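Report on the structure given below.
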Amino acid sequence: MKINNIGSSGVNPYNRQYNKIDKTKGSGMKADKLEISTQAKDLQHSSQIPEQRQARVEELKVQIENGTYKVDPRATAKSIIDFYFNK
């Protein structure tokens with residue numbers, strides 16, 4: 001029986017395809033780039049809480065933890081109405 005070397009070129013077609021992909025990836029690689037606008041930088045700086053506000057927040061946290069914080073329902077209702085109707 002005689003066996004010819006026909007069809008050996010298709011023995012591992014996936015390996016050849018993989019090598020082609022590697023060659024194309026290497027040539028087109030670009031580094032990622034990140035740009036932050038000046039508006040975004042300004043927004044980051046303005047979002048920092050002022051010391052007075054931070055002190056008030058800490059005071060409220062202590063009152064809530066101690067159970068001494070009392071909600072004024074009239075003031076809450078007034079601020080909700082002002083927010084939605086008196087823009």
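Note that Cβ sites are derived from N, Cα and C of the backbone, with glycine treated the same way.
TrEMBL does not curate its annotations; it predicts them automatically.
Of all ranges given (1-29, 59-87), TrEMBL attaches the label region 'Disordered' to 1-29. Mapped onto DSSP classes, the domain 'Anti-sigma-28 factor FlgM C-terminal' (32-82) shows 35 helix, 0 strand, 16 coil.
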